[in-house]
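J.: Sharing a structure below in structure tokens format, with a few things to ask.
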Amino acid sequence: MKSLCLSGVQPTNFLHVGNYIGALKQWVEIQHRFPCYFCIVDLHAITVAQDPKQLRENVLNTAATYLAVGIDPKRSHVFIQSEVHEHAELGWILGTITRIAELERMTQFKDKAKRRADNVGVGLFTYPALMAADILLYDTTVVPVGEDQMQHVELTRTIARRFNTTFGDTFVIPQALIQKQGARIMGLDDPSVKMSKSATSTMNYIALTDDDDTIRKKIMRAVTDSGKDIVYDPDKKPAVTNLLTIFHHMTGRTIKDLENEFEGKGYGDLKKALADAVIAHVGPIRDKIAEYRKDPKELMRVLDAGRDAAQELATTKMKIVRERVGLGRA
Ligand code: AMP
Ligand code: TRP
């Protein structure tokens, strides 16, 4: 079977260091191994209310971010989900074989529904069926994501198997690809919750567009643990563990090496060095995002080409799906 990688991010705000470490950094590496499709999932974004003008801005910012972190448009296809209509069509079809009880078990749904109890749309509930469509439409074998998406990829596998059993072998069963360390970067202001674009405080995350002073300020104010040892210990030292994990991903240095360097030193020393490391790594990404946004021609060209490449595969696959399900006329 041919390997193919697909992943996506919701264009709901500027991407942060958690998105980068958990997902995008893996994408950059994997594109040298497989054909890759990287999607900007705007249909998923509208499962919670978005300002229409801002949403379009966020779509372009997200595309610029993909390129700025090192997605090479000569190798990989970058496209906007809503521009390939087959995503919505297959999402609907898969929704008909997805069970309510399965969707009710999704922790992302439970979290988001809790936060807006009086305003939960049907789309937020069926979100995983659309995500399954994104993945299955392309015969995806590998889905590089952060740990929080594991449950959605598992459900995608269940839906694919069910479709294959009911209608005949149609979909490839995909696999999630999750980092060993850094699959779940925690909030700087609260190491018990994941770093999130929708956090109430901007102190929770480092956006890839934050300027140097903001990055430094956020890291220097980050919550730390009791005691003063700088050691990797997710249970006893969740905050320090999180800072060490970010440090590791920003520099490529091993956790052991970092623990050795900071032995006998204080949290302040760790934070100062980490701020320098994040600024050195994120600064050039931020500048490239700004360049792509200033001259949108290149971005438009990449998104056109990505859409055309995705459309080709989606058209072929949906012909088969419609026939298997018995939709329309022969
Ligand atoms: P989202 O921002 O929810 O669209 O997530 C985009 C990608 O980033 C997905 O693969 C997520 O699993 C990943 N991601 C989001 N937040 C984090 C985090 N705090 N740590 C690691 N990965 C994350
Ligand atoms: N649900 C994912 C998230 O919140 C985004 C997403 C939508 C996705 N479709 C996808 C990720 C397909 C991987 C593959 O992060």
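Each residue, glycine too, has its Cβ placed from N, Cα and C.
Note: TrEMBL annotation is automatic and uncurated.
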J.: Between 9-13, 144-148, 194-198, I'd like to know which one TrEMBL lists as motif ''KMSKS' region'.
T.: 194-198
J.: Where TrEMBL shows Gln10, Pro11, Thr12, Gly18, Asn19, Gly146, Glu147, Asp148, Lys194, Met195, Ser196, Lys197, Ser198 binding ATP, which of Ile185, Ile206 is named for the same site?
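T.: Checking Ile185, Ile206 against TrEMBL: the ATP site match is Ile185.
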J.: Checking proximity to ligand 1 here: which binding-site residues out of Gln10, Thr12, Asn19, Asp134, Ile185, Met195 have their Cβ closer than 6 Å to it?
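T.: Only Gln10, Asn19, Ile185, Met195 meet the Cβ criterion.
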J.: Among Gln10, Asn19, Asp134, Ile185, Lys197, please name the binding-site residues whose Cβ is nearer than 6 Å to ligand 2.
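T.: Passing the 6 Å Cβ check against ligand 2: Gln10, Asp134.
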J.: Please report the Cα separation of Asp134 (L-tryptophan binding site) and Gln10 (ATP binding site) in Å, rounded to an integer.
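T.: Cα of Asp134 (L-tryptophan binding site) to Cα of Gln10 (ATP binding site) measures 13 Å after rounding.
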J.: Three states by DSSP: which one describes Asn19 (ATP binding site)?
T.: helix
J.: Kindly state the mean pLDDT of the motif ''KMSKS' region' (194-198) in the predicted structure.
T.: 90
